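Copied over from TrEMBL:
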| type | residues | note |
| --- | --- | --- |
| REGION | 1-27 | region 'Disordered' |
| REGION | 108-133 | region 'Disordered' |
| COMPBIAS | 117-132 | compositional bias 'Acidic residues' |
| DOMAIN | 206-441 | domain 'SET' |
| COILED | 468-495 | coiled coil |
| REGION | 503-524 | region 'Disordered' |
Amino acid sequence: MDDPFDPAAYRPTAPLEPGDSIPSGDDLKQLLHDLTQQTRDLARWPYDPETWFARAETLVSLRFPELALGDGWKAERLCGNLLARVDKGVGKWRLGFAKGFWMMGSEVPGARGHSDGEEEDEDGEEEEDEEKEALCERLRDLRDTATLLQHTLLDVSPEHLEGRFVPRSYPWMSAYHRFRSDELLEKVNDEFSQHTCGRGHSVAACRVERNAFGGGADVLGVFATRDMEAGTLLFVDYTEVFGCIGPGSDDSSANLFGGKGCADPLHPNLESEMAWQDLRWIRDRCGKDAADVIMRCRLLIGSIRWGCRAEAAGEKTRRGGHPLDHTRIARLTPSHRVNRKPSLVSLEHDVAVPNDFLLQFGIDVFADERYDTWVLFEVRERAGNNSWGDPIHSCLSPLFAFFNHSCAPNVDWAPHKDATFMTLEIVRNVKAGEQMLVMYDSFMTDEGLAARRKRMRRWLNSDCMCEKCELEEEHERLEAELVKMRARAEAFQLLLDQKKADQHRVDSPLGSRETSSMSAIDEVVGNWDTAPKPIFPEDLE
């Protein structure tokens, strides 16, 4: 956000309601200028709550509610922290010029309050008290205003602190983060080689290639490199990022899904992690939704460790170890689909908990722009679009994420009972060069076309058009046409039967020749035999 971007790329994420307007023209240019300047100010003064709140207001005007929510939370958090420090009497706090405040310790020679052994001036103490009270009042007002702004954005479910937004690619995101590089694909294909070589073969069984379905350079798919028969084990994909629900930090079962949860007593932590890295508190705060939140946090743990290792080794990572550069995140496809319906945004699950987690793991969420709120939402979309799981687990497997969907797949996948790995097996004979497809939700296999397509819209831009869906769609179309033809034939036969009945009554010796008994078809086309005839003058002679 610190670099200007083309206003033509501007796409707001707030759902458009009747009467709403989208900024344009000079108003849009001014808002974008304010956004750029405020982001640069935050890089210089990251602990100034007033600048965070000012940027939150700009983001509201630009109709990015989820990002305004994050900046409002940071402004409120900073105000609360500063008020706590002032109340504890830590240092000499004073109002500062333009930036709100600064702290001057009494140990600083020459600072007001430093007496060099002399008694403090009583007037000076009174002035300090007045300044302290003015600062506290200013912070309280700003904190309350920031809280009000957040609640205004959470209009869908205020009691659950939830709002709405439409996930879209942010216009300031670099082109490098929008597309998957050739370098990344080579790394992924190396992983496929490591998993699928052997068993009598010296080359990989499959590889990732571009232009799957002819959909463009960044539409990827997995293609077979050799012929394979049904029943062949393709590879085992180990889960490296997961989340699960279960007992919280007090081992309570209150957060268990339906009375059950993850059976592993160590989860959601790992054996390699230290006590200070305990993530059970996320279960306490997120309850049944904890699995998704923990999975996202684990993705971020990988990026944090990757950045730290690179710095320790003296390596220069691109953009200083940006989380979107990390291989486990960079490979994932964001779910920025056309005409997507609004999604819920939760203050607790999407803003507060992820930021508290980053603080726990040593990331300064105020000063480190790599973990700005928009990055957290981008990670959320990528994780949600590529994960798999059950009511207890949410998992990301590094290679499975590259497989595209078909309702008539040639590859079947089966997770291990504790979700630590999955197996992928060929279920139909595959030829070299053929794309390898899986069914994303295998429990939908026996469902009808409409139900499957509705479910698949979570991942696809449009209705699923796999071979099975197209055949069923054509079958349904022909069935509908046949039903219409049968209905028309039945209606026509009914008219004919009615006409014959009416004609029979007319011709019967006991019947009446009154014209009121004309059938429906006579009313439409007329009948010369039964219709009244015109009387001409020559008929009267």
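Here the Cβ of each residue, glycine as well, is placed from N, Cα and C on the backbone.
Automatic prediction, not curation, is the source of TrEMBL annotations.
These figures come from a predicted structure and were not determined experimentally.
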Overall pLDDT for the domain 'SET' (206-441), taken as the rounded mean: 86
Close approaches to the region 'Disordered' (1-27) from elsewhere in its chain (Cβ under 8 angstroms; 6 or more beyond its ends): 33, 35-36, 39-40, 43, 61-67, 164-169, 171-172, 342, 369, 372, 374
With DSSP as the yardstick, break the region 'Disordered' (1-27) down into helix, strand and coil residue counts. 6 helix, 0 strand, 21 coil
